[in-house]
Structures are given as C-alpha cells and as structure tokens.
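Feature annotations, reproduced from TrEMBL:
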- B:78, B:83, B:119, B:123: [2Fe-2S] cluster binding site (BINDING)
Ligand SMILES: NC(=O)C1=CN([C@@H]2O[C@H](COP(=O)(O)OP(=O)(O)OC[C@H]3O[C@@H](n4cnc5c(N)ncnc54)[C@H](O)[C@@H]3O)[C@@H](O)[C@H]2O)C=CC1
Ligand SMILES: Cc1cc2nc3c(=O)[nH]c(=O)nc-3n(C[C@H](O)[C@H](O)[C@H](O)COP(=O)(O)O)c2cc1C
Ligand code: SF4
Ligand code: FES
C-alpha cells in the first residue's frame, strides 16, 4: 500500500472474534487471505437467493444500526427494496469522527474486504447497482487500503459486471471527506458526495425515499455492514445466540482514557461495563481511581461508580440514562478536572457546528463561553440557569443530531455534579467571594 | 511554489469522474500545492460548470482546504478528549513555544504550520501528534522536541 504513513497499532481484544477475527494481527487481510478465512462465501450464498430472503434474514436477526442511533437495519433495507425507483444507492458511512471512536478505522485497516462484502450484499438485497464508501478525510492510510481492496475485488470479479458469475452488476466508489464532523450525519454526507457544503437536510424525507442524488438510499455504518455476512453465516437464530433479545449480536467497543489497555474490544451485547473496564481493558492505570466515564463520545453522557454493573445493551443503558452511541467509552480517573473536559467538548461543538440553524450555531458558541467562565472560576450570577436554558433549547430546536446532542454531556454533568456549576463556583468560593 | 495552470488542469481532468467529484478535485489540488490557489478555483469553476460562489462555499467549509499557503510541514496536535486527558495541552504548549506560532498559524519561513485537530481515531495511543500525515503516539514534551529536531535536521541536509 502506498504512502510512507505507518499503521498506528491498536489493541484488539474481547470475548468474541466474530467481526474482528482478521483484526489486530498487524497485517492487512488481502483478498486471498480473506477468501481463505471464508470471505465472500456469504456474498455467493446471497446471490443464489432471492433478494427478499436476505432482507427477511436481516430483519429476523434484529440487527440495529451501529452508527449510533440504533435504527433497525432490516426496516431501512425493506423500504428501499420496495421502492419503485429504478436507481437506488447503498452507502457505507465510514466518516467515523465521534471523539473516542476508532472501530471502523481498525476494521477497514485490517479487514477491508469484509466491508466490501457487507456493502455488496446490501446492494443485492435492495437492488442497488452502485455503492459508495464515504471515508473520513483524515484516514489517509485507510483510504489507500480500501482503494487497493476495491481494486482487488474488481479484478477477482467480486465487483463489476455480473459479480461472481451472477447476473447482478455492482460496483463501489470511494469518496473522501475533507475534515468536517458534520459530514458523518447521513444527509450532510450526501450533500458532500454531491460536491456541496455538508449542510444537513431536514428529515423526513428519510434517505430511504430521498437520499443520495435524491434517490432511495440505504446508508449504514461500517460495523453494521460487517454484521451482514455474519448473519448469513450463522442464520438469524444462530446470530441471536449472542447478545440479548432487544440487542442481538456482537458489539465493538472502543475504550480509552485512563485505562491500562485502551483498545477495541468485541463482546456480546449484555456484558457489564465492569467486565469491559476491568477484565478486558485491564482496569484503571496503576495508582489511579475510577472517577467517571463518558459514554457515547462528545454527544454522550457520564457514567459514575454506581453504573459499573450496568449491562451494555441499548435497553439497559437507555434505562440508566446513558447513550451507547457508537460504542465509545472514555474513562477518567480521580485526578481529571471535569470542567476542563466539558470545556474541550464545548469547544468541539462550537467548532464543528455547521451553522445552518440558529439554535446550534449560536447555542454552541454561548455554551462554550459559559463553560469558559466556569472553568476560569469567573462565572456570572445566573450562568447555571443560562447553561441549562441553552442546553434545552439546542436539544429541542436544533435541525440535526449535532445540535440536538451538543449539550448532552454538559446536562449530564449538571445532574451528577451540580456543585461544579454553582455561583459562586468552586474557585471563587475559596476567598474572593467570601 | 510555482503555480502551473497546465498542471492544475491535469489534476482536475484526472479527478473529474462523474457527478459531484468537485471535492475530490479540490483535495488533489490542495495535496499538490498545500493550498487552493485562486487560479485553481477559477479553473475548477469553469471545468465543473459550477459557480465560483459554490466553490468558495465548499473551499471555506471543509477543514482540509486552505486559501492561504501552508507551511512545508504540517504539525497537528490532537485535542480530542482522550488525548487531552493524557497530556496533549502540554505537548501543544511546547511545540507552540519552540516554533513561536499559535495553532492555525504558519511560521515566517513557511516551514511549519501548526494545527489542533479533534479526535483522529487513534485515542488508544494518545496523545497523538501527526506530522505530514504520519502518526506519533504517546507523545510528551521530550518526544515533541525530538520530532521537531528530526524534521529540522532533514531540512538542513536537504
Ligand atoms: N459513529 C460516529 O462517529 C458518530 C455517530 N453519531 C451518532 O449518530 C446518532 C444520530 O444519528 P442520526 O442519523 O441523526 O439519527 P436518526 O435517529 O435521525 O436516524 C437513524 C437512522 O435511522 C433512519 N431512520 C429513522 N427514522 C426512519 C424512518 N421513519 N424511515 C426510514 N429510516 C429512518 C435514518 O435515516 C438513519 O439512517 C447519534 O446517536 C450518535 O451516537 C454521531 C456522531 C458521530
Ligand atoms: C453529527 C452526526 C455525525 C454522525 N457521524 C456518523 C459517523 O461518523 N458514522 C456513522 O456511521 N454514523 C454517523 N452518524 C449517524 C448517521 O447519521 C446515520 O444514522 C448512520 O450512518 C446510519 O447507519 P446505521 O443505521 O448503520 O447506524 C452521525 C450523526 C450525526 C447527527
Ligand atoms: S444542528 Fe448544528 S450542525 Fe445540525 S444543522 Fe443545525 S447548525 Fe448545523
Ligand atoms: S482523542 Fe486524540 S486520537 Fe482520539
């Protein structure tokens, strides 16, 4: 693969290796090795069945989207498969920019053909002949790896006309992002592929009716797509042996921060946070104590000691008021200044807001300013109320998911540690104010 | 750096494959010149048949594009949450002091551009500094000094 850029090494571990079997070995799985490990046999199997059988299998498996919003994948596929538009698209969302998330990067780097197989099966199931992979601009090396894999697949007849000897044509084009977090939002991503600013569109209409170039489109996250060959391999019942009733299957978690072995871990849905943190990631760094963990990245919420035994499923986390998001957990020890962390998140959103709608464009700026005052210990009377007000307004009135979750971590911190936001706050109460 | 219209034209022609490849073409131009020369923007507008305003709108939206020439070497310090808690502010501070420039600035000799970036998806290895696309993990002040020294030494030799 071209480029002098070396591969950042990542720990890949966990209780399962259904999705990550070819990952973490320090090498790229080329098409030969992929086929030796059973690769592309599920695409072959799919092509021998009617497309509707595959959609049914995915529905029966209960697969939900791994990009963060947990929408049932089968429902999206069914809608596009049923459309009467002759032109349809399938898109793989590899924009991965949620702070702390790196699962899609590792999968693309180590096992790119699995992504291609998933997308090709998706294309066949919904009757799309053109697929796109939109990869984050910063992922340079990964772009080249994916490019090489697509070339290999074309040469092997896996992509192109009459793929694998069937009467189905399917090809993939890779598009690179250019450094904008918002372009991970599906409709902003379409705008970007179309050569425009990444401004999100109003939903509905959903991509299933009006997607890329205005055509019915299935868009799925990288991790969602690599579950597809697995579902066909195990059958929906076999797949459901893993995980829980409402959250079936395996899940990739990215854990980083103050832990001994930060890395990517594959587990069945339903293990506890404690298991992930202590048994898999090696627990807290020597000499440090657990203070809190941010679940779901910048758009997430904080977990504390009492949440250690929460089971990692969509339903359990929702009940605990924690988002699972893209499976990202950042752990902080007792020495970390939470206001400082919130300040960084505030900066992130103020920086990444696309500016299309006012609640978020202005709200993220005001939120950042207030967080700055709090962190500097020069909060004004009423700042706590202002912060709450901005948070609720952004959550309720923003156009897209970015603005709707830009206050999520702040609001969660305000519930957990109200004292941090009191006026006069910690710093001024030491003396100035007394 | 010399800007050659012919070369820009070539780059655009290579990238002009189908609907919406404007961004890919701009990326290729940015990669070649380290910024988007106005000549390139005008030419792209002509070749793609889109108004100049749309090209500016795109060029100013995405972080990857710059309308000002950037330095020969680009240093990016990750300020994402995981890198931040593991000490990226200290690393940034050091590089800032050593180069005498703030994030977003280019050194007078056009050798360095310093940038801060949000999470790069290598959090397990933080703090991360990227120099010209190459990742260095587990950075600290000493390693940052070393990194700058290596680049400078290569420059002196060249
Ligand atoms: N992986 C990453 O790097 C990042 C992930 N995220 C995640 O993104 C999530 C928000 O994503 P959104 O797309 O805004 O969520 P959403 O809830 O609007 O949509 C989720 C998916 O379901 C589809 N959908 C929803 N209702 C539908 C219907 N009635 N018919 C057909 N399709 C329908 C949408 O098109 C989309 O594909 C957050 O939960 C966050 O965790 C956010 C930032 C980065
Ligand atoms: C601001 C924002 C950024 C997003 N970034 C990503 C991303 O990087 N990768 C991703 O798969 N989904 C991202 N999403 C979610 C997508 O809009 C969409 O829900 C997802 O790609 C659907 O795929 P899934 O059903 O397989 O999860 C983002 C959403 C928002 C609001
Ligand atoms: S919520 Fe924010 S990111 Fe989303 S459209 Fe509005 S301004 Fe843009
Ligand atoms: S926080 Fe720096 S790479 Fe993720």
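Glycine too: its Cβ is placed from the backbone N, Cα and C atoms.
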Close in space, distant in sequence - residue B:83 ([2Fe-2S] cluster binding site), Cβ under 8 Å, 6 or more apart: B:119, B:123, B:126, B:127, B:128
Local Cβ density at residue B:119 ([2Fe-2S] cluster binding site) - other Cβ atoms counted within 10 Å: 30
B:78, B:83, B:119, B:123: the binding-site residues whose Cβ falls under 8 Å from a chain A Cβ: B:119, B:123
Count of other CB atoms lying within 10 Å of the CB belonging to residue B:123 ([2Fe-2S] cluster binding site): 30
Packing count at residue B:78 ([2Fe-2S] cluster binding site) (other Cβ atoms within 10 Å of its Cβ): 30
